[in-house]
Amino acid sequence: MYTLLIFFYTTLGYENVSVYGEIAKPEVQHFICVDGSRISLSDVCNGKPECPDSSDELRKLCQHVVCPTSMYRCAYGACVSRDSRCDGLQDCTDGSDELHCQVTEICSDREFQCVNSTECISLSKICNGYPDCLDSSDESSILCNEYPCPMHTYHCLYGGCVHQEVICDGIKDCIDGSDENDAVCAAINCVGDECQNYKCRDGEFSCDSQGQCLPESKVCDGVHQCRDGSDENSKMCKSRDCPQDWFRCAYGGCISKNLTCNLQPNCYDWSDEEETICGVSLPEGACRLPPAQPGTHYTVVNCPECRPGDVVAELTRLDYTCDVEGSLEGSSSIYCQDNTWLPSVPTCPTGTDTITCPPVESGGVIKRCEAKWGPHQGWISCESPVPVGTQVTLECPAYYERVKGVTRVTCLHDGTWSQLPLSCNPICGRRESSVAALIVKGWEVVPDESLPWHATLFSHDDGKWDFFCGGTLIAERVVLTAGHCVWKTSVDTIKVALAAYSSNFSNLGGDAQILNVERIEVQDSYQDHEGNYGSDLALLILNKPPVINSVISPACIDWINTQDVSQRIGDIGLVTGMGVTENDTYSSILRVTTVQLVSDEMCREKQKRDFRKYLTYTSFCAGWGNGTSVCNGDSGGGLVLQKPNSTFWEVHGVVSISPRRPGTSFCDPMFYTVFTKVSVYRTWIKQILNTVAIVGPPDMKLKPNTDIVNMDSVV
């Protein structure tokens, strides 16, 4: 049997265990099941329930297990023999070892591979109510049907798990909408005059704020489900009798005894986890996330899904903010150390006891916020903290598309949002063109035939702005170009023009947008002063986003390297620029030419001997070798290829270097051009893109906040 390695301890019953990022000590022999029985520690999280109550195979326990490389990690975290993967027998309790056997594995053991693509997502994101995979395979009933939901969550009909508080709140948090079933949520799903006259039916509880009815079984159950919290009113709950052998929370609610002392608060006042009752302290080093406080918010670094009451590992960091700027008393960052938050948990004095949620942090989206109850009921600002029960409707603006998250979220009583909110990015790789034939020497670009991602770079020299290089817009505020174009260059000497059809800075065209550069990121390995063109790549971070429209939009990048350029020899791509033409003069007008990808062998054979040193694994060749070529001034421009079986375009290369004609400083169009291979630097590019926040169109905050948008049909 393998050795159990655990990052942090989340179970009830290791007897005499002290583990944190280390091998379990040899003297530990037993695991105590929830029902009190004992099993061998080696039988925990092995794919087979050994405890009578199956508590040795729970996700909240097994998700922190690290499997040896010789083992296969089940979706819920247990370890089974790697040979058992797709052998026709169910070795994982959840059967995940026999799912998606037709797909080649490329994800780590802590990731789920989407069925119809090579996309990988964190295991923590499967069966959470909304699709993280583009094909929604992470929320399929096949995967989620027997998914072990945490006890404090609501089990959707198809098997996914969502927060109990979102039941009957008018938003479909389960992908199948079962949390808003008409049979139990009629008050929320009423229409027109019916809503004003609606009365809760027999067996339903009427929330004080009206317009919301709950099944009686959801009243005094430890979880706020009424927007106003009236279903867990202490005076009412204390007057009710708890079922026999149930646990009564300190405020009066009732929960099953099985939900006590499991390191997860199931009473909203957390009284079911008090050490005086459970007799068990937190796992070694770990801490419980602090409860919500009025006017105070914190984010858990590297854990956006974490909520107050969750147990987190030692060294976890919390970053605090206040509703009232400057009112924080204490440190803005605290750390979990030895079961304690250090420095002490800060406060934000507000003079009120009202819990709020922070403004939704979601880039590139249009937001509309509606308070569903209370003194400020109705449409409110989304730019300030909002009261509990507020619902936010989100949508992508024109020319943007969904990246992840849901279109409607609710502010919960613990000061967090019910789900990960929608985020959007500019739609990439779209191009409209009426060009029917390929023109060998290149053709002048008109707006209807543009490559909307092409960027024209200008440098300040002798009091004027001169064209010097090209680039490719690859994100809302990021332009990809060649390292040699901006080596040792100051940001205040560069301007970037988009939708520019001329090299004359004062006459770029009516669609052009000119932007300043905030910072320059040259690829770490590029060394221009040594005459080395390896890693000839740079990123320009713009000081603000352009307005994305039909003539300005980014090119796509093949982030998962579906098909490397080495597999596309013979394919024809497009390059845009204003470099030297066949007349040995710089073009005053933006031009497009076609280039053909050639093999490394053909390129070396064709190139001059002293030029072959520039052909490495980080580059590739393209061109015709017949007089048509990219040339001086085209440097930094992107080579785009149409994605196979698609209408979208991806940037695969950046114009780097080509041989010169003898006795001149001009390129020799009879030779191929060397392009920097973008796929080699995907990780580096992604890391920088992750530091650049998506902003969205400049007029988003000006949009009326009173528009009611029907988003029921939107995922």
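Quick reminder: no glycine exception, Cβ is built from N, Cα and C everywhere.
Curation plays no part in TrEMBL annotations; they are all automatic predictions.
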Of the candidates C226, C254, C261, the one sharing a disulfide with C242 in TrEMBL: C254
Member of C149, C168, C174 annotated by TrEMBL as disulfide partner of C161: C149
C79: disulphide-linked cysteine among C62, C67, C92 [source: TrEMBL]: C67
Per TrEMBL, cysteine bonded by disulfide to C267 (from C237, C249, C287): C249
Neighbour tally for C67 (disulfide bond), based on other Cβ positions within 10 Å of its Cβ: 21
Packing count at C101 (disulfide bond) (other Cβ atoms within 10 Å of its Cβ): 11
From disulfide-bonded residues C101, C161, C249, C254, C267, the one whose Cα lies nearest C67 (disulfide bond): C101
Most Cβ neighbours inside 10 Å, all chains, among the disulfide-bonded residues C74, C79, C86, C156, C161: C74
Which disulfide-bonded residues sit within 10 Å of C79 (disulfide bond) - Cα, from C92, C156, C174, C242, C254: C92
Proximal residue to C254 (disulfide bond) among disulfide-bonded residues C86, C92, C101, C156, C174 (C-alpha distance): C156
Neighbour count (Cβ, 10 Å) for C174 (disulfide bond): 25
Within the predicted model, mean pLDDT of the domain 'G-protein coupled receptors family 2 profile 1' (369-432): 90
Structural state of C242 (disulfide bond), classified by DSSP into three states: coil
